[in-house]
Structures are given as C-alpha cells and as structure tokens.
Amino acid sequence: MSVRRPWLLPMSPLYGAALALKKQLFAWGWLKRNHLESTVISIGSVSAGGAGKTPVVLMLAGILRHRGYAVRILTRGYKRSSEMIARVEPFDDARWHGDEPVLLAQRSGVPVYVGADRYQAGMMAEQGEPSEKLVVHLLDDGFQHRRLARDIDIVLLTQEDVEDTLLPAGNLREPLEAIAQADVVVLREDEADTLRSVVDGLSHSKGRPSIWIIRRRLSLGEGGEVTLPTMPFAFCGIARPENFTRMLAAQGYEAMQTVAFEDHHAYDEDDIARLMQQARAVEANGFVTTEKDAVKLTPTLRDRLETVGPIVVARLCVELLDEKQALEQLVALVGRLDRRRRQGR
C-alpha cells in the first residue's frame, strides 16, 4: 500500500466511517435516492481522478448511439465557474462549464448536460430531449453519486487504485471492496492479468461483476493537420500526469520536458508565458498536451504558444478487446431494465 499523504493517515479511518454511515443511511431510506424515467448507466471509479473515465464514456456513447439508443451524458463539471444546470454545446467556454463537459460535447455527438445535481440535469435532459428511441443516460463519474439511482454500474479499476489508500491520506474515495457492487469492472490490457484475481477476491460469491478489458492508445495530432514537432515540450493538468508522459514515450514520442499543473487547471497568461520561457530554454520546437487541456486554451493563448511551434493534441482513445461480448452483456442489461420499467407502469 502506498500512502500519498502519510501525515493525514489518522484521518482515513474517520473518512471511511463517515462513508459507511452515508451508505447505510441511503440503504435505510433516510437519505433520498431519486429515479429518472430512463435507464442510467454510471461510469465511475473508486479513486479521485485519473482512472480514465472520460474516454470510456465517449466509447460507450458511440457504441450505444450506433446501436440506435438515444444517449444523454450527465456530468459534474469539476472546477467550473458556473453553478447552473445546463446543456453543454461543443464550443462553449470550458471555464464556464468545465473541461470534461466541453470535451464530451465536442467528441460524443450526443447531448451533454452539466450539473452538480445529476438528477436535475437528467430531468432537464428528459424534458428537453424527447425521443421515440430508448433513452440511456450515461452518468460520468457516478459511482459515488448516490442521490441518483443507477441501473448499471461500470467501474474502472487500475493497479494504482489497488496500491492506494482512502482519502485524505490517499486518493481512494471508497474502499476497494466497493468493487463488489459493480455490474462491470473495466481493466486496462496491460494490468488485466494481475487485476482479474483482485476483482475475484473482492467479489461476492453471488453475482460477480463482468470484466471488460480495454486497450488504450494516444492519437497524436488533429486529423493529421498538425506537423508533429521533433522536440516537443509537454504540459498537462490531469490527475495522473505520469501516465501521459509514459504513454507518449511508449509511442516513441518523448518530450524534452514536461510541466504538470493540478487537475482541471485553468490556464492564464502567466501560465503561457512560463511555458513559452521553459520551452525556449530547452530549445523545444512545439508543444504536446492532452485533449482535456486543449479545450481550455483560448484562441489568444493558443496563438501565443504557437509562436514557439505547433501544438499537438494527444487524444486518448480506448477500445474493448471483446466488444461483441461486452455489447451483448450491456444490451441485455438495458433491455431487461426497460422491460421492467414498462411492466411497472
């Protein structure tokens, strides 16, 4: 077990006790759980950021949309300046709605709604986006959002999670045992052999979750329109920046230097000046950053960076190793839930 903040270790049992009490209050019905009309599929994790949920949400949105479902994405919008519940448009200001909601709106091709209260966001989606098709809500980062009832829980698990500890000493928002509540556990291809046994050990004898394996890769450049700099300077504001630099290196694209900001960092003129100065100091001839960071660069900030060289946007893409089996499992679950809803009316 690794402890990120050992001086806070005495607080982790208190956090765990408070979490257990909150779960029990929901189980007793003392805290209300709200239900939407349509099926809710949560994509979440046990950790506070960095598991790679957004690419999985995008993947599932594409798969379900092409299968004929009317997909709606409900997301929190961390560190956004607005507190409104709203539909997010592809070219809205990421500072207003948050980086991930804008990225989801740009890439998913489906309606995206942002709000701290995901039930109210879902209500807005159901009232504002009527459809004759079967509607499915994808709840981004929803494993801990108990106020909205979820029909299907898809949980990402990484090796880093297994070695971590509870907040505030670590980054786990829930004990690993919470994995047993999932319908599906998603593992990365390079960690699957090790983590399969972990999932089995955490699961109850009845109803073990299905395991989906994903392959991750970085797609560099936007449609081939940008010439890749030969000596790039990397920067990012994500939860696990080391994963970004590791994946770049794995594809033979090593940065001259990497600057990591805090997760969901909002870039300003001072940040850009610092990046330009450091890039020139190591004679870099361009930049590489993540999609989540790119949506936060205003045209003015991009223009300033491009005086050093082109900006390459690294897109994290995921694919299921056995998409056919996973899709059959998901469609069967959604279909069963829809039949129950119709019978209950």
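Just so it is clear, glycine is given a Cβ too, placed from its N, Cα and C backbone atoms.
Curation does not apply to TrEMBL; its annotations are automatic.
Annotated features, as they stand in TrEMBL:
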{"type": "BINDING", "residues": "Ser47, Ala48, Gly49, Gly50, Ala51, Gly52, Lys53, Thr54", "note": "ATP binding site"}
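Features as recorded by TrEMBL, highlighted on the structure.
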residue: Ser47; record: ATP binding site; Cβ within 10 Å: 24
residue: Ala48; record: ATP binding site; Cβ within 10 Å: 17
residue: Gly49; record: ATP binding site; Cβ within 10 Å: 16
residue: Gly50; record: ATP binding site; Cβ within 10 Å: 19
residue: Ala51; record: ATP binding site; Cβ within 10 Å: 25
residue: Gly52; record: ATP binding site; Cβ within 10 Å: 21
residue: Lys53; record: ATP binding site; Cβ within 10 Å: 24
residue: Thr54; record: ATP binding site; Cβ within 10 Å: 23
What does DSSP call Ala48 (ATP binding site) in the simple three-state scheme? coil
Compute the mean position of the Cβ atoms of Ser47, Ala48, Gly49, Gly50, Ala51, Gly52, Lys53, Thr54, which form the recorded ATP site, and then list in sequence order the other residues of that chain whose Cβ is within 8 Å of it. Ser45, Asp141, Leu156, Ala239, Arg240
